[in-house]
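Novice: To start, I am sharing the structure in question, which I have written as structure tokens.
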């Protein structure tokens with residue numbers, strides 16, 4: 001698409017693709033392929049350089065930042081010719097390596113082209129400012145176009161998924177991943193915006209609530225109001241994961257949507273809205289409650305009742321009962337245990353293990369999918385090739401975490417023992433895995449840094465973990481006395497939220513009841529790690545039944561500065577989010593690709 005064809009994108013055109021003039025200048029630019037290269041740099045990761053001389057396996061270069069340095073031959077990486085500058089799909093680069101990917105993203109970002117393809121991935125860099133690339137004109141311009149017929153964009157990914165769904169009658173998935181502040185929420189909203197626009201049902205608007213399209217779009221502000229917070233990196237950081245399922249009918253029109261994990265448009269009743277506001281207020285007052293130790297007793301008591309009175313009033317409870325429930329909870333004998341609280345900071349803990357385990361599974365899913373597509377490409381080209389399933393590369397680490405006698409299995413087992421402690425948990429981990437699994441290692445002791453108890457070799461690198469309080473976090477016990485109060489609340493919404501909680505009573509439920517002697521396992525027995533694994537396995541089963549599309553969001557700097565790119569920060573993300581892993585897989589095969597026409601011309 002030249003300038004004339006790009007006019008359909010209106011004002012957005014210059015933010016999506018190089019102009020004809022720029023392309024022509026690149027083709028006529030002087031370039032010496034034998035001299036122009038990239039070299040490693042301790043500060044910038046990589047810098048552009050020009051070869052001055054070669055002697056044996058040593059190469060002397062002049063770098064772009066004015067230094068003359070000597071490197072080994074294998075540290076020198078060739079630059080791509082200027083016609084590849086700001087290329088839209090990095091898989092088409094003649095020389096495919098880390099600095100080529102970094103500098104292509106950097107140069108496109110400097111021109112506010114925030115979307116770039118890298119083989120199967122769509123990589124997007126947070127611009128930290130508004131760009132005119134999401135209006136109705138742009139939506140219309142992307143509609144019905146193949147990926148190769150339009151510039152990279154989240155709308156292109158969305159439209160391709162939509163067209164595949166209509167053509168193949170196959171469920172599609174779009175996986176949007178990245179660090180906090182990288183733009184996952186914004187891009188998710190753009191996907192929803194695109195589907196709501198091109199697949200509007202055309203049904204009449206219900207007077208009591210908005211159209212289905214409005215409801216799907218307006219679900220986001222409601223979720224964000226309760227689930228987002230301002231952090232150092234991100235002014236609107238989602239504190240929860242989103243799994244959104246959008247349903248289409250046989251004509252390709254929106255049928256419904258489930259958003260797991262305003263209000264007028266969503267169709268909430270007046271009573272439901274008031275209950276939500278009441279419970280939100282009650283939770284905020286909970287945070288203001290103060291407690292003190294009773295004199296000469298190992299017992300806490302309320303330090304003033306004002307906030308407790310307000311919480312109880314909003315929750316439809318008796319204030320005295322709430323204080324009693326908080327200060328004098330009933331303890332289940334044989335199932336309750338105490339650990340001393342420890343204040344350890346700045347290390348990876350249980351939550352990080354769950355996140356890293358999820359990333360490991362998603363990366364394996366991508367590797368396997370890419371392996372299948374590569375195989376099809378080579379078959380098409382008639383290339384003889386012994387295939388490797390790259391998804392298996394990650395299996396050892398996944399097994400170490402989730403298999404019987406793996407880390408999570410041992411953690412769950414320890415949670416069953418009243419006398420278990422951090423020390424016994426660590427001892428079991430070492431007994432079962434140290435020296436037996438290459439992915440489980442003893443961490444190096446670093447002076448002045450918090451203590452790490454074990455290290456795991458993840459696909460993105462080795463991560464140190466500290467196991468303090470993992471048993472408490474994994475059991476995540478609820479105060480069942482207070483739950484009993486909630487179940488009797490006069491606020492219908494609160495009693496409904498806890499109606500199905502199976503606590504002490506159901507755990508020890510009588511044999512004579514419908515169970516016929518079988519003891520029902522209460523929900524309080526399901527540990528966080530077991531629930532996480534269960535949900536993750538459901539997600540993976542879901543994804544495996546779909547045709548996936550991958551979007552990787554990058555945070556360019558930690559100061560939220562528009563246009564500035566911190567090379568080491570971006571390289572770290574590229575290594576961790578699978579973009580470079582994808583390139584590694586490409587390089588095991590045939591990474592250098594050239595169109596027949598270009599090959600003939602050369």
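From the backbone N, Cα and C atoms, a Cβ is placed for every residue, glycine too.
Those TrEMBL annotations? Automatic predictions, nothing curated.
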Novice: According to TrEMBL, which listed range is region 'Actin-binding': 536-558, 559-581?
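Specialist: When 536-558, 559-581 are checked in TrEMBL, region 'Actin-binding' belongs to 536-558.
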Novice: On the three-state reduction of DSSP, what should I expect for residue 183 (ATP binding site)?
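Specialist: Going by the DSSP assignment, residue 183 (ATP binding site) belongs to neither helix nor strand, so it counts as coil.
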Novice: When you measure from the Cβ of residue 183 (ATP binding site), which residues in the chain that are at least 6 apart have a Cβ under 8 Å away?
Specialist: 124, 125, 126, 553, 555
Novice: Determine the mean pLDDT over the domain 'Myosin N-terminal SH3-like' (32-81), rounding to the nearest whole number.
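Specialist: On average, pLDDT over the domain 'Myosin N-terminal SH3-like' (32-81) sits at 94.
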Novice: Under 8 Å Cβ-Cβ from residue 184 (ATP binding site), six or more apart in the same chain: what's there?
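Specialist: In sequence order, 176, 177, 178, 238, 553 meet the Cβ cut-off.
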Novice: Within 8 Å of the centroid of the Cβ atoms of 178, 179, 180, 181, 182, 183, 184, 185, which other residues of that chain place their own Cβ, given that this set defines the recorded ATP site?
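Specialist: Same chain, not in 178, 179, 180, 181, 182, 183, 184, 185, Cβ within 8 Å: 126, 234, 553, 555.
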Novice: Looking only at the domain 'Myosin N-terminal SH3-like' (32-81), what are its DSSP counts of helix, strand and coil residues?
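Specialist: When I sort the residues of the domain 'Myosin N-terminal SH3-like' (32-81) into the three classes, I find 3 helix, 30 strand, 17 coil.
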